[in-house]
Structure formats: C-alpha cells, structure tokens
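K.L.:
Pasting a structure below so you can have a look.
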Amino acid sequence: QFNEYGHMRF
C-alpha cells in the first residue's frame with residue numbers, strides 16, 4: 001500500500 005507521499009507503507 002502507498003501513502004500520500006507515494007512511498008511504501010507497511
């Protein structure tokens with residue numbers, strides 16, 4: 001899943 005920054009979120 002990607003957060004509002006476009007980085008991986010676990």
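The count begins at 1 with the first shown residue.
Placed from the backbone N, Cα and C atoms, the Cβ positions cover glycine too.
Annotation source Swiss-Prot lists pyrrolidone carboxylic acid at Gln1. Taken from Swiss-Prot, the feature methionine sulfoxide applies to Met8, supported by experimental evidence. Taken from Swiss-Prot, the feature phenylalanine amide applies to Phe10.
Burial and contacts for the listed features, if you can.
P.N.:
Around the Cβ of Met8 (methionine sulfoxide), 8 further Cβ atoms fall within 10 Å across all displayed protein chains. For the recorded site, Met8 (methionine sulfoxide), the DSSP three-state label reads strand.
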